[in-house]
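What follows is a single structure, written as structure tokens, with notes after it.
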Amino acid sequence: MGSSAKMSDEVQPRSYWRWSKQDFYPEESFQNWDSYRSALSQISSRFKDRLLSRSDDANEIGELRKRSENDMKRCLNWWDLTWFGFGSVIGAGIFVLTGQEAHDHAGPAIVLSYVASGLSAMLSVFCYTEFAIEIPVAGGSFAYLRVELGDFAAFITAANILLESILGGAAVARSWTSYFTSLLDRPTNSLRIHTNLTNGYNLLDPIAVGVLTIASTLAMISTQKTSYFNWIASAINTIVIFWYGCDLFVIIAGFAHANTSNMTPFLPFGAKGVFQAAAIVYFAYGGFDNIATMAEETRNPSRDIPMGLLGSMSIITVIYCLMALALSMMQKYTSIDPNAAYSVAFENVGMKWAKYLVALGALKGMTTVLLVGALGQARYTTHIARAHMIPPWFALVHPKTGTPINATLFITVCSACVAFFSSLDVLASLLSISTLFIFMMMAVALLVRRYYVRGNTPRTNLWKLVIFLLIIIASSMGTSAYWGLNPNGWVGYTITLPLWFLATLGISVFLPKQRMPKVWGVPLVPWLPSLSIATNLFLMGSLGYKAFISVKFEEVLPQEVEASKVVL
């Protein structure tokens, strides 16, 4: 009888809108004070367990998903994911980062910066694609690292993800207000509320809060309806970009109006400037990892994710390179306005009206970035909550909408508070570094996945893999450090590059693969993942030592935050 009653309780659905202790502190340690004191006395052993424990595919796909109580609706296909890719990546960054980096660091070779950062991004896309197919859950990189590198690596990843979600969303929302102000030809900060609070927190931004609220509301209502809206907005934005950044624009503005001498000297700042710019414009490619979090809502992950992720990123890379080339052909790098590159360039060639379309395109870009960001960030948060690294109340999926409303509200409220009060230039941030770090960890995780399986891989092979990975990471860091200290030197590379090559070769020759992808996998393993490790660490080093000591937000998002200075 008691058993039947228990089964009845389990079958009976619980209300989504609940607020109990069990929903926030479900672990046995929090049941009473005796349990809590007992847990405190076991900190050492419990920490060791967390440090060494790893999840597995079945646990992430099965057991953890059950903690959301309701499934997310499988309603997306490759077409949806492709447009989500455009919506998450193509934002205001391309319009403004290009001009700043061409003017300050790369010159006409800014196109090579986009090629370098695009290739690095594509290597990471390969890794994300294989994982998303094999482990189609909402956790993205958090889930993948938890499976292959353990809970401790996943915990660090979770901290970075939550930081990026909150501060990144706030940054784009504040920039949205700035671009909207410029589009209306109003004075800077005229749409913000001026107060007597401390400088840096005295310009309140209700519009940023409103934009975040609208984007999050759409994300909470329905993933499919959000996809429809994203189609429309991204299509309009992409038409604007394609028309004014690609072939037709190059022919008209580049050849008819530009002086060919604008392309010389091609490398005014040398190779160092190219890679320094590449590390900055890499931000323009950011956001594609949000697509991996949609795997749980994708109808056919093994087919749709490769087409959506690889397809959108390939096209975006080409568009970015052509836009950078167009700007360099139209105006000499010394004359490029770092704050309004395309607007001023259009005006200089007699197309003054086009600058308004550039601002409108940037505004639409930021709107779709916020929209897709609201989807992806909430799904990251959902899976982090499923693992009980934050209260599991945030893991609940609404039975009717099939969306994680609690997680979306959490990220939105936090981002809105930051966006409302802070001008962001007072916030310390390591967003570029943390993003590149996570992408590097993803490549390490992929190599671990291919060459190590618990219970099957001999201990000797495990130690070989660890040693080879440490050599790959150390040699890549050495290459990056030597480049930063002596960019014109070459002796150091005779040590670091052969070490990287031999360590990668060692994995290829001396370690048999323990697991092969079932449907689609990264080609040329271990070479491409190893190259991804090297390029991400190299770009991290190219940011300069100051980025690792005290980075202000405008140094990481230099033009996203400086949008208020855009001159129309």
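Note that Cβ sites are derived from N, Cα and C of the backbone, with glycine treated the same way.
Listed features, source TrEMBL:
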- 75-97: transmembrane segment (TRANSMEM)
- 152-173: transmembrane segment (TRANSMEM)
- 203-221: transmembrane segment (TRANSMEM)
- 228-257: transmembrane segment (TRANSMEM)
- 269-288: transmembrane segment (TRANSMEM)
- 309-330: transmembrane segment (TRANSMEM)
- 356-380: transmembrane segment (TRANSMEM)
- 401-421: transmembrane segment (TRANSMEM)
- 427-449: transmembrane segment (TRANSMEM)
- 461-484: transmembrane segment (TRANSMEM)
- 490-512: transmembrane segment (TRANSMEM)
- 520-550: domain 'Cationic amino acid transporter C-terminal' (DOMAIN)
- 524-545: transmembrane segment (TRANSMEM)
Segment proximity, the transmembrane segment (309-330) to the transmembrane segment (356-380), 3 or more C-beta pairs under 8 Å: no
Interface-richest range of 269-288, 401-421, 490-512 toward the transmembrane segment (524-545), CB pairs under 8 Å: 269-288
Dominant neighbour of the transmembrane segment (401-421) in 152-173, 203-221, 309-330, 461-484, 490-512, by Cβ pairs under 8 Å: 203-221
Stretch contact, the transmembrane segment (203-221) with the transmembrane segment (152-173), Cβ-Cβ under 8 Å, 3+ pairs: yes
PLDDT averaged over every residue in the domain 'Cationic amino acid transporter C-terminal' (520-550): 82
